[in-house]
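The structure appears right after this line, and notes come after that.
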């Protein structure tokens, strides 16, 4: 292998196989995500509202379905569950060709969302079981960089099918996702077999992750930084075209800047999350960066054209830094605070922290920035500042209440300074 390329990849072993899985999955998902909604609207005849509603509800169902998938990964081993979930996505994708009514569409995307969520949970549990300590965060960072690249390439390739604009072209995108999912499932065979863990007495009935309030509090608090996704994909584009003098086409460039920065810098940005103390600091940096994003974006509506462009670019750079730091912190918190024998269940519980941001953030950020303008941006900045204030108490609570040393055996991974 080329020495330069080798330096850009994790060491030989499971990490590289997981990268190949991530690349295949993201390519297929990019193709599917870019074209499936158009297929269901233009070819099937559903309304945009129906498609949006179906996808939103399916996403929420997927988050909830992650819990049983996580428990199953703990019991029978995450590799087997990951293979099963990856292969299972083929069923709803294959049924897309016969979709004629809304209820059929909803059944397809709901089942697909459940299997996709189970796949994510099992894949994370696999990382937790085959990697140790800081390698789990480092590998997750590599996977995210590769995922962003694959997703972008898939979306760009989907442009060909969207330009052709025929039913067959749209279906090709869906079938491509089916194919990449099957290929990704095959790659898991090359990973080492990971046995399941025996349940503790009464563990299944007790649903221990859902009873671990400190862990759930960390999950909710850590996922506060995911509001940045809504700022990037919704609030900033709407603000740009409605309240600034910047050219509308800048919105696409802002997204491109974010994508390139994440692909190039995510691994480096997550390095500080090698301990829980580092993750706590990284979380504070992320929240501070997002607060700065809001202030910069607000000022962009008060200046002429080119200063507005500069402020918007600066806001996206700050947002991207917050996104990468926040993601690194979430990986460390998710892995290191979970018991070693319940990484699947706890990983699924951690993902429940996405429910509130995904449900509330779109309405919150658009209402505040459209109605209160600069004042709305300052309110959002204040929300992130409150997150900084709560950061140490919430993480400290979780660390103090671990019944056993967290999933890593290194003592440093369970220390939170100050």
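Just so it is clear, glycine is given a Cβ too, placed from its N, Cα and C backbone atoms.
Here is what TrEMBL records for this protein:
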TRANSMEM  17-39  transmembrane segment
TRANSMEM  51-69  transmembrane segment
TRANSMEM  81-99  transmembrane segment
TRANSMEM  105-122  transmembrane segment
TRANSMEM  142-164  transmembrane segment
TRANSMEM  170-191  transmembrane segment
TRANSMEM  250-270  transmembrane segment
TRANSMEM  282-300  transmembrane segment
TRANSMEM  306-325  transmembrane segment
TRANSMEM  346-368  transmembrane segment
TRANSMEM  374-395  transmembrane segment
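The transmembrane segment (250-270) makes contact with the transmembrane segment (306-325), as judged by at least three Cβ pairs under 8 Å among residues 6 or more apart in sequence. In summary, the transmembrane segment (81-99) lies against the transmembrane segment (170-191): three or more C-beta pairs, each 6 or more positions apart in sequence, are under 8 Å. In this chain, the transmembrane segment (170-191) does not touch the transmembrane segment (282-300); fewer than three CB pairs sit within less than 8 A of each other, excluding pairs fewer than 6 residues apart. By the Cβ criterion (distance under 8 Å, sequence gap of 6 or more), the transmembrane segment (170-191) is counted as touching the transmembrane segment (17-39), at least 3 such pairs being found. Counting only same-chain residues 6+ beyond the ends of the transmembrane segment (306-325), those with a CB under 8 A from a CB of the stretch are 225, 228-229, 231-232, 236, 240, 244-247, 250, 254, 257-258, 261-262, 265-266, 269-270, 272, 282-283, 285-290, 292-294, 296-297, 299-300.
With a threshold of 8 Å between CB atoms, the same-chain residues lying at least 6 positions outside the transmembrane segment (346-368) that come near it are 59-60, 63-64, 66-67, 69-71, 117, 120-121, 124-125, 128, 209-210, 212, 215-216, 218-224, 226-227, 229-231, 234-235, 238, 330, 333-334, 337-339, 375-377, 379-380.
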